[in-house]
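Copied over from TrEMBL:
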{"type": "DOMAIN", "residues": "6-273", "note": "domain 'Glutamyl/glutaminyl-tRNA synthetase class Ib catalytic'"}
{"type": "BINDING", "residues": "R9, F10, A11, P12, S13, E45, Y180, R198", "note": "L-glutamate binding site"}
{"type": "MOTIF", "residues": "12-22", "note": "motif ''HIGH' region'"}
{"type": "BINDING", "residues": "C96, C98, Y121, C125", "note": "Zn(2+) binding site"}
{"type": "MOTIF", "residues": "236-240", "note": "motif ''KMSKS' region'"}
{"type": "BINDING", "residues": "K239", "note": "ATP binding site"}
Amino acid sequence: MSRPPVTGRFAPSPTGAMHLGNARTALLAWLHSRAAGGRHLLRFEDLDVGRVRAWAYDETRRDLEWLGLDWDEEECQSLHLERYEAALARLSTYPCTCTRREILAAIEDSAGAPHGDEAVYPGTCRVRPAPSGRPAALRWRVPDWTVCVPDALSGQEACQHLRRDVGDFVLRRGDGVYAYHLAVVVDDAASGVTDVVRGADLLAASPRQVALQRALGLPTPRYLHVPLMTDFRGERLAKRGGAPPLMTLRQEGEAPGRVRAALARSLGWTVPDEVSASELLPLWQGLLAAAPA
Ligand code: GLU
């Protein structure tokens, strides 16, 4: 069966200024869509209203344009609440009022320590109904599945047993905000996204997202997790970590071709001091051709 034409996306959270690490992911997502002659979407993941900064939408658009990255359609998650509500109604959930502290205490009381880096919700409200009166989150009663997601770039596979490794996770917070995992799955399907290029920090999120796709009868896209950019100390660049915002470079008159060249070199690509976005297309194609999957 032939693959459908590629639809890719870049999905920033408009919670602050884009830094070079976000810019590299944006560049790679664009290269992937365009190298395949596919559609490319820009999706603002702006459900967490408390963290959204109104100015970040325009600055992100300007940063992307400045980098020479275009997109065919734009959407905002905050305009699609009814989609998430409809998806949520199709899943088996239960209300939960446990606080983070209560969850950690319950884990300590039970036999095991938190598995891996994440505290696995022990299912307190699954068996003991949440007291009414407190605002309740909705947790998904996760199926007894092991879900493995291959990464098309690294050839690695992320496998998780939902009950043991993840636990019943939150699909809607107590304050009514829909969870990222639910929204991303619903939107990728609604927009016909075939290929997801995103940071490697989200590889561990993919099994629960694929589980949601299966439970909702939605297609699973191809996943390509790109390495996160680190600073000279090898620490991950993060919005809060003082990484140089792209808008500062832009406003200070830096040449975008030099920034693209720096991003390309950070991936080990050999490029001249200034490079256009389309000149990088063959380098991405080369990377894909060498990928094990
Ligand atoms: N909004 C997420 C972020 O900014 C990306 C989500 C995704 O690509 O699936 O990290």
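The backbone N, Cα and C atoms fix where each Cβ goes, glycine too.
For ligand 1, the neighbouring binding-site residues among R9, F10, A11, C98, Y121 are A11, by Cβ distance under 6 Å. In this structure the C-alpha atoms belonging to Y180 (L-glutamate binding site) and Y121 (Zn(2+) binding site) are separated by 17 Å.
Between the alpha carbons (Cα) of S13 (L-glutamate binding site) and Y121 (Zn(2+) binding site) lies a span of roughly 26 Å. The Cβ of F10 (L-glutamate binding site) lies under 8 Å from the Cβ of T25, A26, A29, W30, H40, L41, L42, R43, L64, L69, W71, V197, each of these being in the same chain and 6 or more residues away along the sequence. Restricting the binding-site residues C96, C98, Y121, C125 to those with a CA within 10 Å of the CA of A11 (L-glutamate binding site) leaves an empty set. For the motif ''HIGH' region' (12-22), the DSSP-based tally of helix, strand and coil residues reads 3 helix, 1 strand, 7 coil. Residues R43, F44, V184 surround the recorded L-glutamate site, their Cβ atoms falling within 8 Å of the Cβ centroid of R9, F10, A11, P12, S13, E45, Y180, R198, which are themselves excluded.
C98 (Zn(2+) binding site) has none of the binding-site residues R9, P12, E45, R198 nearby, counting only those with a Cα within 10 angstroms of its own Cα. Considering only the binding-site residues R9, P12, E45, R198, C96 (Zn(2+) binding site) has E45 as its nearest partner by CA-CA distance. Neighbour count (other Cβ atoms within 10 Å of the Cβ, all protein chains): 20 for R198 (L-glutamate binding site). Geometry remark: P12 (L-glutamate binding site) versus C125 (Zn(2+) binding site), CA distance 33 Å.
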